[in-house]
Amino acid sequence: MKQLFRKWHTLSELKKELTNRNWFPATSGNISIKVSHEPLTFLISASGKDKTKTTPDDFLLVDHQGNPVLETELRPSAETILHTHIYNHTNAGCVLHVHTTDNNVITNLYEKEVMIRNQEIIKALNIWEEGATIHIPIIENYAHIPLLGEAFKKHIQSDCGAVLIRNHGITVWGKDSFDAKKRLEAYEFLFQFHIKLLSIQGGVSSGANSYS
């Protein structure tokens, strides 16, 4: 029980930090943190809650299928299936899904992925190669959640990663809450930089990687 309370506090503090950046507009987004590995349980944000408020009903404990462990009237977030896929296929400890203007704009510029290279902050992703290039996959925003989950699952390849959903934010995961937040901050910085650079250069050149 002590572990559950400790994880709850960590997730609540993380929610406050991300809320202060306006990364949960209009109740959007969801976050989770692993509580136990065997059996797999994790805390996830409840659906439809105003994340600018802190209440006892902010999160609920769910199992490996995303079903509530304890009796509750709360509903887990609609995208819980994305979190279950990550926890079931990796050793990740925290998953963050946020909607920002920049990550939505990026998904309207490119079709299958966005490629960014030679930025110092890429090292925050534990990539130390000089002049490194990263590729962030983009999937379609399928209304049918199981279909969205299947498209998403194809890009779960390690204990840390990120997937953009067209017009539906980014999902980032890492080994723990610190790692996941650091990665999310890095991606959002890179998206903001990329969009600003394109605005100076005159936009995305037409080609295979141009969605507009």
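Cβ atoms are placed via backbone N, Cα and C, with glycine included.
According to Swiss-Prot, the feature Zn(2+) binding site maps to His97, His99, an assignment based on sequence analysis. Annotation note: His99 (Zn(2+) binding site) sits in a coil segment as assigned by DSSP. The Cβ of His99 (Zn(2+) binding site) lies under 8 Å from the Cβ of Trp23, Phe24, Pro25, Ser28, Gly29, His168, Gly169, each of these being in the same chain and 6 or more residues away along the sequence.
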Counting across all protein chains present, how many other Cβ atoms fall within 10 Å of the Cβ of His97 (Zn(2+) binding site)?
26
